Amino acid sequence: MSDRGRTLMVQGTTSDAGKSTLVTALCRWLARRGVAVAPFKPQNMALNSAVTADGGEIGRAQAVQAQACRLAPHTDMNPVLLKPNTDIGAQVIIHGRAVTSMDAAAYHDYKRVAMEAVLASHARLAAAYRVVMVEGAGSPAEINLRANDIANMGFAEAVDCPVILVADIDRGGVFAHLVGTLELLSDSERERVRGFVINRFRGDIALLQPGLDWLEARTGKPVLGVLPYVSDLHLEAEDAIDTRQAAKTGPRLKVVVPVLPRISNHTDFDPLRLHPQVELSFVGPGQALPPADLIVLPGSKSVRADLAALRERGWDEAILRHLRYGGRLLGICGGLQMLGERLHDPLGLEGAAGSSAGLGLLALETTLEADKQLRNVQGRLSLEDAPLSGYEIHAGVTRGEALARPAVVLDDGRADGARSVDGNVMGTYLHGLFESTAACSALLRWAGLREVRAVDYQALRERDIERLADLVERHLDTGRLLALCGEPHA
């Protein structure tokens with residue numbers, strides 16, 4: 001199958017080389033030119049996911065890329081999503097739906113089946129859009145993963161598309177990364193690489209030029225451009241927790257997030273990280289929970305195991321002490337389930353079957369069931385009747401007296417989550433709460449911030465996507481890029 005000129009793939013020499021960001025930038029750049037473009041990632045491994053318009057889930061990076069294309073997210077944009085639930089295993093999601101969990105060895109054999117889903121999704125996008133902009137995963141030169149590859153060159157070879165190779169110069173060794181990656185590819189794969197992009201450069205480009213000249217002479221391939229290091233660009237991280245904060249002055253609300261082993265959808269906290277009046281702290285193993293106005297228990301892919309880890313670290317006692325001194329506590333999704341009295345996993349969906357005691361802060365019990373709830377929702381927060389939008393991704397069914405005091409009333413008539421009698425503890429299944437300006441402000445006031453400055457997080461994200469497209473215009477060889485996409489250019 002040949003889609004040359006319609007499909008362009010971005011691969012990286014390493015993880016976090018800038019693949020997601022470059023694809024986002026190229027998508028908006030093409031969309032601004034009036035090109036019908038769609039993002040695509042054959043296989044993603046991440047615990048940050050988004051709910052699509054067709055009722056499935058994909059990686060959040062692809063949802064941001066869809067926004068860059070001015071499209072609603074769709075499951076075809078990320079047909080295979082792997083959500084790790086143990087150190088050696090993951091839940092396998094095909095076309096937005098969880099199909100099974102398996103260990104790494106079993107998944108290696110399953111890749112042939114997964115590839116069928118990948119090619120079917122790509123074919124649908126290629127038929128519907130002029131350009132499909134593809135993001136690879138990790139590095140194409142992982143020798144142990146090359147057999148049955150569906151994420152990098154295995155996919156590129158299957159659809160016969162050109163590849164751009166991006167490398168991060170800020171971490172050092174950029175020329176070794178690029179040349180070394182090429183050396184580890186097969187002849188046909190090496191031929192497929194049509195150029196390089198160097199990412200996160202800071203300094204005088206004239207001092208880099210001799211290295212660029214050497215690279216082109218050594219490889220016979222062009223450098224398509226050098227993107228500058230941008231410190232204040234804040235798009236959602238694909239998997240690693242982004243702890244960077246905007247410059248802040250004046251009084252700030254202290255918010256603490258305990259980082260659990262299987263934390264999921266930590267992009268929930270990006271609006272707080274960027275809020276000028278919030279001091280956000282992620283606390284990891286071996287650290288005590290510091291004094292805070294608000295503690296937020298995040299989502300989790302393995303709630304009972306993460307609850308056990310929370311206790312092992314002594315954080316349960318710290319949370320109770322926090323409440324005794326008047327602090328506020330919020331649980332999101334798995335965090336809500338932890339706040340209840342019992343958590344049951346009779347089918348062993350997240351590990352060994354069994355039950356665990358919760359923190360006992362809300363009169364609730366949760367039972368994990370095989371059917372996962374996936375919804376984009378709108379509603380109103382019980383605090384200040386603030387309007388909000390968010391999304392549900394969970395397998396739990398929660399029951400109990402505390403549900404009579406819901407955290408959110410949804411527009412479809414359902415009640416979501418619960419509040420404690422004294423009002424100091426609240427839990428919800430909804431991700432994305434802090435992205436809604438009014439709801440975020442209401443939650444910050446509830447936590448003790450008196451004069452809240454409203455921040456439009458959606459506008460910040462849109463601004464940064466536009467800035468990325470501007471960088472493409474200024475720093476990359478747009479003529480060559482258009483040619484690789486099969487688009488006319490002056």
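Any Cβ shown, glycine's included, is placed from N, Cα and C.
Straight from Swiss-Prot, the features:
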- 252-439: domain 'GATase cobBQ-type' (DOMAIN)
- CYS333: active site, nucleophile (ACT_SITE)
- HIS431: active site (ACT_SITE)
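In the predicted model, the domain 'GATase cobBQ-type' (252-439) has a mean pLDDT of 97. Its Cβ taken as reference, HIS431 (active site) is surrounded by 25 other Cβ atoms within 10 Å in the chains shown. Reduced to three states, the DSSP call for HIS431 (active site) is strand.
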